[in-house]
Structure formats: structure tokens, C-alpha cells
Amino acid sequence: MQFLPKADPEIFAALKKEDERQENNLEMIASENFVSRAVLEAYTSTLTNKYAEGYPGKRYYNGCHNADVVETLAIERAKKLFGSQYANVQPHSGAQANMAVFLACLEPGDSFLGMNLAHGGHLTHGSPVNVSGKIYKPIPYGVDSKTETINYDEVAKLAREHKPKLIVAGASAYARTIDFSKFAEIAKEVGAKLMADIAHISGLVATGYHPSPIGMFDFVTTTTHKTLRGPRGGLILSTLENEKVLNSRVFPGIQGGPLMHVIAAKAVAFQEALQPDYKKYIETVLANAKTLAEVFVKRGYRVVSGGTDNHLVLLDVSVKGLTGAQAADGLDEVGVTVNKNAIPFDKNPPAVASGIRLGTPALTTRGLKPADMETVGNLICDFLDHPNDDKNRTKVKGGIQEMTQKFPMNQFRLD
């Protein structure tokens, strides 16, 4: 950085410390990843200076011809990546994308089905603390108490009983394959619209490692970071018949000018995801997650639902007398970044929780393979076995540092 150190030394110091944190810790938060230098360059471009209210060819400001080129490329690449007729790349986040869809097909007070946050859903799927749970009438569905997988019989029963206008499929802490075809059958029976939130699994869907809802669902939303390895942002996919209503709900419905520098970075990320090596990356993400889950099971820990089909593992740490908060805080101190997470039928409040959520996208981007993930999994277990033993902490921290030094972060930094 050439100008920031002098212009704002306090911000510069904080950014340098964040660089060091990412370099010296193993990032295992399932919703985080590392963008490429190309994505980072697009994100920090002069497009941040340009206002471009409207859509390509229909802007409210002049001087948008370059912005039009960038947004059109992002749209076409997103459509190609997911095999979709329509794409809106303007949502600032996944939450904004979800709200735009709600506004497109629901009126205040209308009911919709969404996965219970306590069972792995997302805030925007009807949590009472979120606007989706305040404006509309959410009907939560959950997982089976024995298998800890989505209870499709319950979904069908609730749909028949409440006749919702919309059924939302998707999760933020669910490690198993989602059967979109079952949701489609249920929605058809009760005459409901369908929305799939694939924020966590979009990279898997794009590469064919998870069934796609495209063609079955009316609306598909996702974030552009997580497994897609793009900038933080949102994306809506649908059919051409929904283009007008969705465009209007994004702008001017809930947003003003789009973030053109972010859209440029999205376009670069979509292009990267269209390359053959991206599919190999997702293969490794899945292999790493499977290895991690297997290590936990071998070491006597309980993995929610017994394993994983995707990029994340939900681990019940209560079997070791720990809360999720204690486990996450302790792991942070030895160099592993995870988040506390509620597990299905959790007796602890969300701020305490009984589990931790771990993901493999960021470490896979960093270069770790299954053999490395086995080492990481064992180090995590070593710590959780004796979290208050100072000698054990020192040993585990040393092992983590060896791993971070083996896989440096230089390739993700701008000079």
C-alpha cells in the first residue's frame, strides 16, 4: 500500500493486523473464503467512483457505457455458470437478494415456509428478529430428531395445512444434500412459489456436485462469496418471465445505485468459476470436508447428521462438556477460526450454543488437501480433548503454525 499509511495510519495498522491474522490462522468459517488477486483488483478499481442507477442500456445517469459492459458481462457469465435464463447481479448481499424475491411474490402478512434457524436455516428465512419474520408470516420446518436431516414429511404437512404462497429451501448450517425435487413436488401440490437459497452451496451447484434447483424453482438466490470465491454480494437467478418484477424489486424497490466495483469483481469470479480448475477445486473442498468429518468421528466426537455431503461440518462439542462459544473462543486462541453454532434441538441459547460450524472452502483455496485436513482435524481434536491444559495449547498452536507456514498467503495479497 502506497498512500494509506500516510493518509490514515490507524486504518492501515488495522488492515495490516488483519493480513497477519489471515496469514497466521486457519480460516474455517464455512461462509468465508479467499478471493484471487484478479477479483481483488477489480474490487479496488475506479468503478467505485461511478453511479449507475438502473440497468445496462437504461441508466438514469450519463457516462455509464463502461459500467454497462461490466454489468452485462457479469450477467451473461452468471447465466452461463448456472444455466439460468435470467440473472440480476446488483443485490448488495444475499439478504438483499432474498428480500427482493419476497417483495416480488408476497404481500405483507402472507405466509411462507422456511427452515428453522435453530435447525440450520438462515435469519432471512423467517427468523422473528429479521424483517422477513416481521412483515410476513413464516412457518418454520426443521429436521428429523433421529436423522437430523430435513423432515420432508413435516414440510408437506405444514404446506397442506397453511397453504403458503412461497416455500423457501436452503440453509446456512446444514451439511446434507437438499432434495429440491421433493420441495418442487410439495409446492406443486399446494400451489406455492419456490425459492432456493443456495448461498452456501452455489459453487457445488455450479459444478454439478449438488443437484440444481434451476428449472424446478421459480427463484434462486445466492451470495457470491463462500464457495463461489467472489466478492461479498448477492445474485438472483430466475426465468425471463420474472425479469421485470425482479428488476423492479431490486431497483428501485430496495436499492439505489449498484456497487459497480463489486459487480466487476463478481464478473471476474464468475469467469474463474467457469474454468476447468474450479471444478477440481470444489472436488477438493468436498474431499476435505469428508476427511474432517471422518477424523472427528474417529476421535469420538458427534458430527451432526453423522457426516457431510457438502463443504461444512457441524460438530456437537457438548459431548466434551464444552459449549460452542467456549470451543470457538479456545480454538481462536490457538489459531483456528470457526464459529459457534446451534445444533438441532439445542438446549443452549444461540449466543452459547452446543456446536461449532467448520468449513473447508478457505483452506482448500489456500492449498490444503485431504492429508493436510486430517492433520488439522486431529489438531482440533487434540485441543478440544484438553482445552485448559497449557502445554496442550502450546503444542496445538505450534502445529497450527507449522500448517500456516506450509501454506503461505502471498498469492492472495495485492503488492
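Including glycine, each Cβ sits where the backbone N, Cα and C put it.
Listed in Swiss-Prot:
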BINDING   Leu117, Gly121, His122, Leu123  (6S)-5,6,7,8-tetrahydrofolate binding site
SITE      His225  site 'Plays an important role in substrate specificity'
MOD_RES   Lys226  N6-(pyridoxal phosphate)lysine
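Neighbour counts of Cβ atoms within 10 Å were compared across the binding-site residues Leu117, Leu123; the minimum falls on Leu123. Here His225 (site 'Plays an important role in substrate specificity') comes close to Ser31, Glu32, Asn33, Val35, Pro231, Arg232, Gly233: these same-chain residues lie at least six apart in sequence, with C-beta atoms under 8 angstroms from its C-beta. In sequence order, Gly114, Met115, Asn116, Thr124, His125, Gly126, Ser127, Asn130, Ala171, Ser172 are the same-chain residues whose CB sits within 8 A of the CB centroid of Leu117, Gly121, His122, Leu123, the residues recorded for (6S)-5,6,7,8-tetrahydrofolate being left out. Summary: among the recorded positions (His122, Lys226), the fewest other C-beta atoms within 10 A of the C-beta are counted at His122. For Leu123 ((6S)-5,6,7,8-tetrahydrofolate binding site) paired with Lys226 (N6-(pyridoxal phosphate)lysine), the C-alpha to C-alpha distance reads 17 Å.
Distance noted between the C-alpha atoms of Gly121 ((6S)-5,6,7,8-tetrahydrofolate binding site) and Lys226 (N6-(pyridoxal phosphate)lysine) is 16 Å. All protein chains included, Gly121 ((6S)-5,6,7,8-tetrahydrofolate binding site) registers 25 other Cβ atoms within 10 Å of its own Cβ. Taking the C-alpha positions, the distance from the residue listed as 'N6-(pyridoxal phosphate)lysine' to His122 ((6S)-5,6,7,8-tetrahydrofolate binding site) comes to 15 Å. Secondary structure at His122 ((6S)-5,6,7,8-tetrahydrofolate binding site), taken from DSSP and collapsed to helix, strand or coil, is coil.
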